[in-house]
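Novice: OK, Swiss-Prot features for this one:
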type	residues	note
COMPBIAS	275-308	compositional bias 'Polar residues'
DOMAIN	24-91	domain 'BTB'
REGION	160-179	region 'Disordered'
REGION	270-320	region 'Disordered'
REGION	384-416	region 'Disordered'
ZN_FING	216-242	zinc finger
ZN_FING	448-470	zinc finger
ZN_FING	533-558	zinc finger
ZN_FING	578-600	zinc finger
ZN_FING	606-628	zinc finger
ZN_FING	634-656	zinc finger
ZN_FING	662-684	zinc finger
ZN_FING	686-709	zinc finger
Amino acid sequence: MAKPSHSSYVLQQLNNQREWGFLCDCCIAIDDIYFQAHKAVLAACSSYFRMFFMNHQHSTAQLNLSNMKISAECFDLILQFMYLGKIMTAPSSFEQFKVAMNYLQLYNVPDCLEDIQDADCSSSKCSSSASSKQNSKMIFGVRMYEDTVARNGNEANRWCAEPSSTVNTPHNREADEESLQLGNFPEPLFDVCKKSSVSKLSTPKERVSRRFGRSFTCDSCGFGFSCEKLLDEHVLTCTNRHLYQNTRSYHRIVDIRDGKDSNIKAEFGEKDSSKTFSAQTDKYRGDTSQAADDSASTTGSRKSSTVESEIASEEKSRAAERKRIIIKMEPEDIPTDELKDFNIIKVTDKDCNESTDNDELEDEPEEPFYRYYVEEDVSIKKSGRKTLKPRMSVSADERGGLENMRPPNNSSPVQEDAENASCELCGLTITEEDLSSHYLAKHIENICACGKCGQILVKGRQLQEHAQRCGEPQDLTMNGLGNTEEKMDLEENPDEQSEIRDMFVEMLDDFRDNHYQINSIQKKQLFKHSACPFRCPNCGQRFETENLVVEHMSSCLDQDMFKSAIMEENERDHRRKHFCNLCGKGFYQRCHLREHYTVHTKEKQFVCQTCGKQFLRERQLRLHNDMHKGMARYVCSICDQGNFRKHDHVRHMISHLSAGETICQVCFQIFPNNEQLEQHMDVHLYTCGICGAKFNLRKDMRSHYNAKHLKRT
């Protein structure tokens, strides 16, 4: 026979766990208010959450509903209705509450407020029996298990083991100490107290671990910790303490002011700073055994005479422990003593040089550092040759300045000015990253895109200059020169480029013969492309000699001419009337062209009205809206499971296949073998109406028709 109150009791337990945040696996944020809940409960009550968790299984730790027009008050009441089937307080607007429930697609939406009140009355009867059994302690919303036999026994066992949580005045405390004497307890109660004190008070850590399945648990709030140090730090700031702790703290402060606790200060002075913090806290916490030893000095020989005196001394020690507070003392900071245990290492410039990329390069500070300048030696044949010769020695300060100027990563004022570029059409100063977007948004009729590199340029002189430079080789020798006039001279005189390359090779030889001795360093560390200095201007491929470049360029130009001939054959489809001004791509409809512009601007202009998420494509937004509505595009014909994406649906259909079966990825029809699938695939091919050629894609069939049959007719 099923118990009618079991379901309501389980829901009550889940609601308690939700309030504690225990085992909650999702967090719902509405503005700046966060609600913790369980995915299983949300998916069982709401179709919206069920579909959302199905499609976002790996990224649903936190869900933001701030853009869904649901207030935090309504969602709090919805959570109460999900967990309990009722609401504790009436909403300010029931219509708004009902709209929020319909928006979240709850399975059971009440028609009026009286339905929830009736459900409240009926469920209170069921939950009353369950709540009557919840007199035991609950940790994180979970009721602790207790043995019914032990619970029906003497309550004195629990009274002796657990400290009282009431506030005791000094008069009541004296009366309690007098009531703990030997004559006030019956004989059976002594045995119970003795057993409980031996089993629980002797080892409080074991008592805590048996009560909750962890090592150290706070007796006030029930939070568990993995080590005792964390428990000690938590006890000092626990906000769920009993009321009697404030009273005992007050008496403790009074005793300290009166000078009664001078022995505690002496104990702190005897402590060595080398001992660990856990040992200090064990010393000052005052275990029951230590409290018993302190109380034994006051009781005298009565402690060792009888068992009854032991019980009385233990109870007195418990009363004394209530007066005691935990004092956390930190050892004095003595940096000079602590630094004795550390080895101080001095970092020199040599260590810094060894930590760089060129580990094999060793600097010798005793040798001078020379500047090199270019000198032209004119021979008999009047052929100019540029060599590197030392001009003058450089001091250490100048040498450091030169080395700081060498790395290309160091930013200069010129580079900082280059980051902010100005628009050539309107003069607006913006960053280079936003310059392309500015041209597309404001001056789209005056700009165009380069056909080789795709860079956005202004029509006119800028386009002509870029067309001349685009595709030309750019070596490190060009980048190394700081003057633009020298760059133009080198472009006009290509013979000097080879001479400068020879100059860099000779510079490497001079470095090898001089004081630095960099024999182990390859040439490519200082000049990356010195082994292959010649480069093809069309494809960018590098060669060692000039003859190889000439031979390669003849074949490379022929290939380009062949490609251009193919491009002339494939003319534009005249049915595409909407073309992009930047890249020249054509479209059948204007909306497709407007959507294509987002490829250049990278602007997500399609925004979801429900959650505010932005998308680059309109079809992505349509698919996202279907997820909000719970409308699946693909439905399994076997198990009726819905999927929003095609590849997810294909992957699900594959799970239904048996050995040897295959599936058509177009219509999702299952076939027993591959032969029948190949015969079936002819149905999905696009056939040319003139020659009968078949293609997998429609665009392939259209391009075939335009290339082969459009000109003939």
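For all residues, glycine too, the Cβ spot is worked out from N, Cα and C.
Can you walk me through where each of these features ends up in the structure?
Specialist: Averaged over the domain 'BTB' (24-91), the predicted model has a pLDDT of 83.
Taking Cβ pairs closer than 8 Å, the zinc finger (606-628) reaches residues 48, 51-52, 55, 64, 67-68, 591, 595, 598, 644-645 in its own chain, all 6 or more past its ends.
Helix, strand and coil counts from DSSP across the zinc finger (634-656) read 9 helix, 4 strand, 10 coil.
Counted with DSSP, the zinc finger (686-709) comes out as 11 helix, 4 strand, 9 coil.
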Novice: Please list the DSSP helix, strand and coil residue counts for the domain 'BTB' (24-91).
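Specialist: Across the domain 'BTB' (24-91), DSSP assigns the residues as follows: 29 helix, 14 strand, 25 coil.
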Novice: Using DSSP, how many residues in the zinc finger (216-242) fall into helix, strand and coil?
Specialist: 9 helix, 4 strand, 14 coil
Novice: Going by DSSP, how much of the zinc finger (662-684) is helix, how much is strand and how much is coil, in residues?
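Specialist: Taking the zinc finger (662-684) as a whole: 8 helix, 4 strand, 11 coil.
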